[in-house]
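Here's the structure, in structure tokens; my notes come after.
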Amino acid sequence: MSLTVTSVRLTGTKYGCGGGGCGACTVMVSRYQPATKTIIHYSANACLLPLCQLHGAAVTTVEGIGSTKTRIHPVQERIAKAHGSQCGFCTPGMVMSMYALLRNKPHPTMEDITQALAGNLCRCTGYRPIVDGCRTFCQVQKGSTDESEHEKPQLFDKEEFLPLDPTQELIFPPELILMAETGNPETLTFCGERMRWVSPASLEELVQLKASNPKAPLVMGNTNIGPDIKFKGVLHPLIISPTRVMELFEVTQTPQGVWVGAGCSLSEVRSLLQKLVPQFPEEKTELFRALIQQLGNLGSQQIRNVASLGGNIMSAYPNSDLNPVLAAGNCKLSVISTGGRREVPLNPDFFVSFGKTILKPEEIVVSVFVPFSRKGEFVRAFRQAPRKESSFATVTTAMRVFFSEGSRVVRDVSIYYGGMGPTTVSATKTCAALVTRPWDDETLSRAYDVLLDELVLPPSAPGGKVEFRRSLTLSFLFKFNLEVLQKLREMVGLQFLPLPREIQPSLQEFQVRKYPSFKDQSVQDPVGRPIMHRSAISQATGEAVYCDDIPRTDGELFLVLVTSSRAHAKITGLDVSEALRLPGVVDVITAKDIPGKKVRTMFGYHEELLAESEVSCIGQMICAVVADTRAHAKRGAAAVKISYEDLPDPVFTIEEATEKSSFFEPRRVIRRGNVTEAFETVDQLYEGEIRMGGQEHFYMETQSMLVVPVGEETEFKVYVSTQWPTSTQDAIAETLDIPSNRVTCHVKRMGGAFGGKVTKTAVLASITSVAAWKTNRAVRCVLERGEDMLITGGRHPILAKYKVGFMNDGRIVAADIEYYTNAGNTVDESVLVVEKILLHMDNAYNIPNLQGRAAACRTNLPSNTAFRGFGVPQSIMVVENMVNDVAVVLGRPADQIREINMYKGPSVTHYKFEFSPENMLRCWEECKVKADYSARRRAVDQFNQQNRWKKRGMSIIPIKYGISLARKKAAALVHIYKDGSVLVTHGGTEMGQGIHTKMQQVASRELRIPPSKIYISETSTNTVPNTCPSAASFGTDANGMAVKNACQTLYQRLEPVRQKDPKGSWESWVNAAFFEKISLSATGFYRGPDLYMDWDKMEGQPYAYFTFGACCCEVELDCLTGDYRTVRTDIVVDIGRSVNPSVDIGQIEGAFMQGLGLYTLEELKFSPSGLLYTRGPSQYKIPAVCDVPLRFNVYLLSDSHNPHAIYSSKGIGEPVLFLGSSVFFAIKDAVAAARAESGLVGPFSLDSPATPERACLACASLFTQKIPASKPGSYKPWALNI
């Protein structure tokens, strides 16, 4: 990875996580196989690919397959034109995963595509447009499209795509073929600063090497050792890489089974088994099929392409997916050492302890024997993971049973589990309870009890989820039982089918705008048309420049932060002497080095840039090491010694904070009517509470900045990935005690932001600027994913309590809601978040008596900050949960209760703001029609009657979202050059939301010239000063007006010239104006609406207008494991008249998927001492391709207009995120159906996110009911409940 960036100067391959978990760095590796004279191509993660291992290989990066200078490749073109690239940071990886697939399969199936993309994360698009772009490579059955589809406008036209021509691909370098054919393999040795890498050429040499260096690890795919070296600081002085030892790759068939070389990659093993299965009768391939199934779910395609079979076994991970299957299937290993060869069975004694096996350190696994199964033998494997694909399993299992010929008596059985202890464990006692007995209900019910006693996890077991893991062991045995009964032909029709997974074509419905003012919109006017993101092609070719792609300058230094390891402590000592002695380290920056202000102040609270005497969370920044390379700076940071004295009673949870009155003031209250009196008059009262976890931004590009001292008069150029360049400029100027006119901030684009690149970025840039000022050299700071997640905080977790009074007819008369947010250790924007929570607590409902109280709790966790939606997704979640509870208490469908209580006719909010809910009601009605709600609701009820262990659920949810930012204004600067080309600069920053594309459309319409003549280079503080952040869904509203204002000024200035030469061209008018001394540059300004909120009077006009929407979701839930699939989603949104439907639909889909993550998937876990456990994509799961609704339809409400924003459009960035909660409520609906089967009715609590763990336990099946609950307080949990 570092080679592509530094030496070869190719920056297209992106560094997203460094651990093979996000796919942003995907490249294609090609190798020549002399034995078969073929060339193989496979995708791999560049961040884990050791350069030493690529001897003889060809590596293709995104730049290699096409560029705008030569020709673009069809994959690049289709992802871009199908609108599959927003911020663009993940796009090169997506392109390369798809490219590698097409090199192997020019006509892929949908299944191939979803598998190829499973290891590539995207945080912007919601995946639908990426999948649609890739779908165009599939062979389509003729005559399958619906005729009526063609009249409707489409987001892209697949007829105009370049065809894929496999003959035009790059050839494999002939010199590498020659080298492989004639090569007399010799040992390769590479020496680094602290490591030696040896690649032996023969098995004998490998055995000798390992005998003399028993501690040296063998590295094949580097998917295990690599992350350890990178993230845990593990140092191996010698690494042995046996990738060229041919014996490790041999495959031999015997009458008993097949020997597979331990060096074969998991992908090779899978395709080998897939080739073998059809060659043998079904009864012989039971084990093969179980392995194929597990191999399909293990890691991602990129990981499976490099990770080896032997490496996977020898890592001996407790939750390994393969080891239970190999052990249950009676596989054995052939191992070699200087003492000769021996065979070792994979039995209960093989796995000794965490990461340790029975093999001696000098022994090497050569091959693995996978036996054929016998007649009467069944093998099954099951797994449950936090995410369906590219995720370590929570619990995994393999079960094998062998029956006596023609009977149901068990002759032999073996059951192995992963994730139930420090090693793969065998359920020996359970097997003993089954063997020699007939396979019937009596035997099995005894087996469940034995298993429950045999596999016990202590309540504080590492990984947590103890009750869930224990119930999964029983559920899996039950699933095995169902499959065996199916096989024994006992109960035909009791089949347990897997959840559906095939992604269907979806609808994106929008209206091409008709303008009454222009009799017919001119052909070249781009406003309202689905125009591709203006940088999409550059993003797809890897040419788009992000902050860290800026070339290194001479003498540039890299900065790495040193953070606190204690949550609440005094700093008693800071020793940097050892760090300064290390090679490459130049300096250590501490608070004493700051020449100006050492703090940032918000709401009267100070936040230290670098902690001096006390720390208040783990991850607080204490000092920073600057060195000549990232590796040296990291090593220097690890050598800084800090001593602490712990302070008593750190506060982590909301309960602890409220008990100690630890709040950030002011707390807010809002009231309408009289709640207390109303509670006396209602038919029924209900009290409830709900918790909601936080969320990590997980922008694909981590916090990145480069500060360059100009060299005179303390001037600095700052290249930074921020949503608010002005704030970063102010912060640096204050920190260095220089005027703002010496600091220029440049933002070309961000690789995603979502609210996380506002306040935190300013602090990081201030620290980096101190280093640049002190050393007088350019300093770069790019956080590692783990550091970013630890330091920068995320969405506020909340705890809310409500009391609601309602009538028997469903009318809600009164509600009293208390919200507590976990703000973390500094105030940041928490007070504003609390205010926005209260302003949205009515959502779509007219509740006559409403009281809300909200407080931001001060805790010893990293400070939380702005995140797309800014409190609204938390606020409305509580209200909707409350409405749901009312429906359950009354035994009525939830959508009826929602409808009864909605605002109707001219309405007034609880803060006395008048509005019309007409379009909100239209969205709701249209959503029910488009989703075919009533018919599908009946079908769901029928499905639930017919299925005991699978349930479907449905929900439909509305939203009313206030758009604006107090004090929001905007400016623009437009230049027309002599050749007629136009340069537009404005205060908005591009983070994938397409603001530059929309500004180009605005300028094109106002100047009446094609968009191709208009360019937007960057956002910078020396062109447009004193800007507001690009946030709160208000970027286009404000900046669009400013650009329009500037362009109108220029167009009017050209009026006299046009009158003189009405038939002239744009270029001729501009040229004439230049000679007539007419100014061709203008600024534009928009002062924004005058908005206010008076919290004493509890009234105001905090918003300019509302964006409305409604969303209907249907899910299918596996009650035994809590796994679910979103079967269909229909979203109707009122966004006025869209300026760009493709960009807006992209925002809608992306926000929905981020919401789906928030409410069903993403969990931040903290240790009891306040350390964030989830510091990367391997522990923190954001939605992947496997989470996209199988049908994902988006409809823009027609005939809507909005007088308050540019061209009658509406802000769209944030509102739809909340609609992801309709998946949560659909899951809750399915859980309710499952509970009803167990005789449980009435309201029940389900906290957010509704992970498989929570959904499974809430279903309260007979297996979860068997698990004894651990008494809270009797043990120290593995993770806090934040």
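The backbone N, Cα and C atoms fix where each Cβ goes, glycine too.
Among the features that TrEMBL reports, [2Fe-2S] cluster 1 binding site is placed at Cys17, Cys22, Cys25, Cys47. Other Cβ atoms within 10 Å of the Cβ of Cys17 ([2Fe-2S] cluster 1 binding site), summed over all protein chains shown, number 26.
TrEMBL lists Cys87, Cys90, Cys122, Cys124 with the feature [2Fe-2S] cluster 2 binding site.
Marked as domain 'FAD-binding PCMH-type' by TrEMBL: 190-375.
The number of other CB atoms found within 10 A of the CB of Arg383 (FAD binding site), across every protein chain shown, is 27. Positions annotated as FAD binding site by TrEMBL: 218-225, 308-312, Asp321, Arg383.
Of all the Cβ atoms in the protein chains shown, 27 others lie within 10 Å of the Cβ of Arg868 (Mo-molybdopterin binding site). Among the features that TrEMBL reports, Mo-molybdopterin binding site is placed at Gln723, Phe754, Arg868, Ala1032.
Taken from TrEMBL, the feature substrate binding site covers Phe870. Note on Phe870 (substrate binding site): other Cβ atoms within 10 Å of its Cβ, all shown chains, come to 26.
Listed in sequence order, the residues of the same chain lying 6 or more apart from Glu1214 (active site, proton acceptor) and placing their CB within less than 8 Å of its CB are Arg868, Gly869, Phe870, Val872, Tyr961, Ala1032, Ser1033, Ala1151. Annotation comment: TrEMBL describes Glu1214 as active site, proton acceptor.
In space, Cys25 is the closest of the binding-site residues Cys25, Cys87, Gln723 to Asn312 (FAD binding site), judged by Cα positions. Residue pair Leu218 (FAD binding site) / Cys90 ([2Fe-2S] cluster 2 binding site) shows a Cα separation of 31 Å. Counting only same-chain residues six or more apart in sequence, the Cβ atoms lying under 8 angstroms from the Cβ of Gln723 (Mo-molybdopterin binding site) belong to Met750, Ala753, Gly755, Lys757, Val758, Thr761, Thr989, Met991, Pro1029, Ser1030, Ala1031. Cβ neighbour count for Phe754 (Mo-molybdopterin binding site) (all protein chains, 10 Å cutoff from its Cβ): 31. Considering only the binding-site residues Cys17, Cys25, Cys47, Cys124, Asn222, the residue whose Cα is spatially closest to the Cα of Phe754 (Mo-molybdopterin binding site) is Cys124. Least packed by the Cβ count within 10 Å, out of the binding-site residues Asn222, Asn224, is Asn224. Mean per-residue pLDDT, taken over the domain 'FAD-binding PCMH-type' (190-375), amounts to 96.
Non-local contacts of Ser308 (FAD binding site) by the CB criterion (under 8 A, 6+ apart in sequence, same chain) comprise Met220, Gly221, Ala262, Gly263, Cys264, Ser265, Leu266. If you compare Cα positions, Cys22 ([2Fe-2S] cluster 1 binding site) sits closest to Cys122 out of the binding-site residues Cys87, Cys122, Cys124, Asn222, Asn224. When the binding-site residues Cys17, Cys25, Asn222, Arg383 are screened for a C-alpha within 10 angstroms of the C-alpha of Cys90 ([2Fe-2S] cluster 2 binding site), the residues that qualify, in sequence order, are Cys25.
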